[in-house]
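Engineer: Attaching a single structure in structure tokens format; questions to follow.
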Amino acid sequence: MSNPAPEYDPAHPWGGNSRNAAVDVNEQYTGYEADYIFVTIMAFLVWLIIPGIGLLYGGLAQRKSSLALVFQSLAVAGMVTFQWMFWGYSLAYSRTAGPYIGNLVNFGMMEVQAAPSPGSAVVPEIAFCLYQMLFCAVTVQILIGGSFERGRILPSLVFGFCWATIVYCPLACWTWNANGWLYNLPSLDYAGGGPVHVASGWAALAYALVLGKRKHKGEQSHGKPHNVTLVFLGTVLIWFGWFGFNGGSALNGSVRALYAAFNTNTAASTGVLGWITVDYIRTRGRFSVVGACEGAIAGLVGITPAAGYVQVWPAALIGFLTAAVCALMQDVNKWLRIDEGLYVFKLHGIGGMIGSFLTGIFADSAISALDGSTVAEGAWNGNGVQVGLQLVDIVSISAYSFVMSCVLLLILKFTPFMHLRVSEEVEMNGLDLDQFFDEQIGDSEWVRFEGEKITHGVPQPQGHANSEPTSGEGSIDQEAVRTNTPGNMAQLDTLDIIVLVALLVGTVAYFTKGTYWAVQKDPYASAFANGSAAKAGKSRNILEKMDETGKNCVVFYGSQTGTAEDYASRLAKEGSSRFGLKTMTADLEEYDYENLDQFPEDKVAGFVLATYGEGEPTDNAVEFYEFISSDDVSFSEKSSDESPLGTLQYVAFGLGNNTYEHYNSMVRNVTKFFDKLGAKRIGTAGEGDDGAGTMEEDFLAWKEPMWSALASAMSLEEREAVYEPVFEVTEKPDMDPEDDTVYLGEPNKNHLEGHSKGPYNAHNPYIAPISESRELFNDKTRNCLHMEIDISGSNLSYQTGDHVAVWPTNAGKEVDRFLDILNLTDKRNMVVGVKGMDATSKVPFPSPTTYDAVVRYHMEICAPVSRQFVSQLAQFSPTDSIKAEMVKIGNDKDLFSETVAEKNYNIAQFLHYMSAGQKWDRIPFSIFIESLHKIQPRYYSISSSSLVQKNKISITAVVESVEKPGAPHVVKGVTTNYLLALKQKQHGDPHPDPHGLNYAITGPRNKYDGIHVPVHVRHSNFKLPSDPAKPIIMVGPGTGVAPFRGFVQERAQLAKNGESVGKTMLFFGCRNQTDDFLYKEEWEQYTADLAGQFDLVTAFSRADPSQKVYVQHRMKEKAAEINSLLEQKAYFYVCGDAANMAREVNEILAGIISEKRGVSKAKGEEVVKGMRASGQYQEDVWS
């Protein structure tokens, strides 16, 4: 070249000799024009990556939310341009920067003109600034994927601006500024493996974590790309743009730049090969377009830090390995228990870490020397220290990006009016419809009549389970994994090792398991399984499990509260005892389903499936249902295209509630899908109806013809049913019950050892103090409790509308009765060990324990007696005459109803009645462990606002007392009387003993002393609209008003805070104004606080003896106002009895719409149905 490379002159930082326009600042670059033109063109190529990512993300999303992702690519480009010009460039590349961040010497683009750039003397600073600005924009665009399908656009841009400032700029300074600490370490990062990929991957993970999982129940398109063509086009633009990303990072037009471009194409190509190879092996001969695209991107990510440092064959290896490992990480969302739907962390976070690590191995100084640079060698060339330096780079960038991203997001999350996440209504209907005015967007249809717009989207789950009579853990949305190949693929045996290697970079162990954010099973939840069960391994292949354990019958269950699981256990036991089947039960979420096509014809499967909420699968059945209902469901290579499940013989029983619209939809839909896939159903699919109270009899009526059909199909011979214990109970007289290894009611090992810690959930309760309790009724014959549960100091939190679970204990009176009739009173404190008889049996509580602890804390001994259990116990009767009577009752539905059901007997009362007090000491204790439900937490709607009292949970509960004419016993609510005893103690009663029930309120080993109660929180979809200005209508008679107290409390607080609050109408019903008018004084205060925006409409059923008035009547009287509010898009809420009140409210609302809008009744019903689908009509009901 004719001239030496220009040098930076601090006396003229703008790049010229003066600010005189006549001075030619281009002269200094004479002979170097090709270099800076090359870099400028490379910048233009990098710009293509931004819309490429937008198209990629838009294609992967559901159609109803794709526009938001495409739009964000342009919005991000605009926002980052401003940030970079404002101070971003200065914070990253100022020449006088410190080791961690730059200063503001170039604030507002000051002195950023023609001077030789900090990165290369042959590139003017303005060109260098443009090139690096686009790197920042690409990085922010990548991480925005963490908000996939539920993040609001404006907050995402605010976060992007803050993140670029606080995270990206410091990382760029660390890595590429001559003063940066990583630059001088030195770590090797040619084009952004750390600041771009690793940082954006961890930031996207943080984004998904803070936002929480998407709502998608019942949505068949969830997790599937809506437009593979867009995915392909986006990938092509990204690939093309990456030539500029890596090729331009040489910051000159040298051979090294061309070498980097060649390596870029090589790694992307081998990345495609690596990914499709894994797909081909995993799916046994099938490919995926989306998988190929992700392979290309993974290869590009892996080569980014290495492109200008390595030879071509190591580049090929880097691309292949990065893509293959990323492909094998398909279950990373499941492992981390998050919903990061675009897999930004997998592709960019993990891929970037792999690329950086491999750079430390394969770096070759001969490549960097192609433009005269000198860098360290990699381990392959004798410099093993470089691998350690790369790990320092990876760990520091990962930790800084993740922690700072979490901090920023949490600040934004709790910033008023920011609202990181869209409302559930918007999420269900699609982000596009809410945030854009473009026509023909999303999947929603617009139905218009009389000026009303209704969107028909995916139903939003509401309310309580409609399928199982015992309250249980609530619906927690399951992870939706976007599958790149048909079906959900089986995991390979080497995955654990691959995960360990990929995350060797020093990520803290709890990050890899979601310890501090996921709702997890307690670490000791399975510690009480028997020894053989613990050794049985963790295979998810049900056929392998059955072969290992010698089983020929498996009964799967989808259960929310344990009832379906109980029925599955009963089927399995009966199949074994009556027909000699080798049976086992199986939790649907613990196994894979791709090999169901290999299910042998000489074996049989049972499916006991509860329906949850509005036609949804239970939590543990979500993945199974999504798999079997998929349009492109894929099994192994052995399956027939026409009838892949042709060898599967199965029986099915469903648990539902006819008060819900989608009655027993799970069993109906699953049998429909099975029939379509060629499976052979034996007998009819049974349906139990909890709404009608006939669940047990429906089950018994179904199973007898089912067994007959199954015996015929499998050539089984029925034999006399002989009890075969599932559990072995061993008495340990030498053990002291006070030994610190004996469980006396503690739910797990942490509680036993006295250092219980979170997360607190359905497997691990928090022992919470009760800070306040009071009586709400003036009626001395009844009790209604208000309690304040203090959750400060725990990791528990709640949102207005959630549920709190109270873990009850059985009353001492009933425990004594139970132990007495079994002649175990003298042995109540005997230590016993319990273990399963085979590898598939799970003990439902920890041991060693005592008879008293099992009965008091773990068994549902106060539940009604089932007819089948009567038949089972007959063989253990004290006398032959009692046995004959037991057999007769067990076989006669009417006699059972008259003798047992109508008299409200629990099991101990019934046995005492049958034997006139004679002891039943021949009954093995194991049969009660097998046949009685595990005592379940009881759920109560939280009656407080988290905005008003975030550390205290209010509950409102009527103390249950059920009497039947002619029944010798009054059924006392187990949990509510337990709470009443706690209330009595708090108010000074030294011996709280409601109704003589005698609760052990101090808990095992007095660990609940000081008025404590075990609780956890279940999150609900029963929520206020995100916009407080929207009107709401609430219908809540009796304690159904509980969540509405929280709703109104929150709106009153918002009004005090100066926010605009919409009309708030509450229909409340009770007996009269004096006895049971709940929170009467509070409603008066809220009326004043809301200044005319709150209307309380009361209905007193017993105020006038001649006429009972219910909330339904008041609704008719207020029909015009209700319709007017609905036309203003009011949300409508119902809480209370599902069987009568809620159903009638639904009908009346449809009638109001029909009458006031002049449309047919059918049209009114259609409107209400549309309201339900869009989340405008919500229920929190029970039967």
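Cβ from N, Cα, C; glycine included.
Bear in mind that TrEMBL entries carry predicted annotations, made automatically and left uncurated.
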Engineer: Among Trp920, Trp1083, Trp1182, which is the one TrEMBL gives for the FAD site where Arg938, Tyr939, Tyr940, Ser941, Thr956, Ala957, Val958, Gly973, Val974, Thr975, Thr976 also bind?
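Structural biologist: Record source TrEMBL; matching candidate: Trp1182.
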Engineer: Give me the count of other Cβ atoms within 10 A of the Cβ belonging to Gly613 (FMN binding site).
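Structural biologist: Counting Cβ neighbours of Gly613 (FMN binding site) within 10 Å gives 25.
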Engineer: Applying the under-8 angstroms CB criterion, which one of 156-178, 257-278, 287-306, 312-329, 390-412 scores highest with the transmembrane segment (67-87)?
Structural biologist: 156-178
Engineer: Mind checking which residues of the chain, 6+ beyond the ends of the transmembrane segment (257-278), have their Cβ under 8 Å from one of its Cβ atoms?
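Structural biologist: For the transmembrane segment (257-278), the far contacts come to 38, 190-191, 239, 242-243, 245-250, 287-288, 291-292, 294-300, 302-303, 306-308, 310, 312, 315-324, 326-328, 367, 370-371.
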Engineer: Cα-Cα separation of Tyr940 (FAD binding site) and Gly562 (FMN binding site), in Å?
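Structural biologist: Taking the Cα atoms only, Tyr940 (FAD binding site) lies 18 Å from Gly562 (FMN binding site).
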Engineer: Taking contact to mean three or more C-beta pairs under 8 angstroms, with sequence separation of 6 or more, is the transmembrane segment (121-144) in contact with the transmembrane segment (287-306)?
Structural biologist: no
Engineer: Around Val958 (FAD binding site), how many other C-beta atoms are within 10 angstroms of its C-beta?
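Structural biologist: Step by step: centre on the Cβ of Val958 (FAD binding site), count other Cβ atoms within 10 Å, giving 17.
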Engineer: May I ask you to check whether the transmembrane segment (156-178) and the transmembrane segment (390-412) make contact, with contact taken as at least three Cβ pairs under 8 Å and only pairs 6 or more apart in sequence counted?
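Structural biologist: Since 3 or more Cβ pairs under 8 Å link them, the transmembrane segment (156-178) and the transmembrane segment (390-412) do come into contact.
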Engineer: Taking the Cβ of Lys1108 (NADP(+) binding site) as reference, which residues of that chain separated by at least 6 in sequence fall under 8 Å from it?
Structural biologist: Ser1101, Arg1102
Engineer: So, do the transmembrane segment (390-412) and the transmembrane segment (190-211) meet, by the test of 3 or more Cβ pairs under 8 Å (sequence gap 6 or more)?
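Structural biologist: Since 3 or more Cβ pairs under 8 Å link them, the transmembrane segment (390-412) and the transmembrane segment (190-211) do come into contact.
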Engineer: Please identify, among the binding-site residues Ser559, Asn657, Tyr660, Tyr663, Val974, the one with the smallest Cα-Cα distance to Arg782 (NADP(+) binding site).
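Structural biologist: Result: the closest of the binding-site residues to Arg782 (NADP(+) binding site) is Val974.
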Engineer: Taking Cα atoms as reference points, rank the binding-site residues Gly562, Ala610, Asn657 by distance from Gln1112 (NADP(+) binding site) and give the first.
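Structural biologist: The answer is Asn657.
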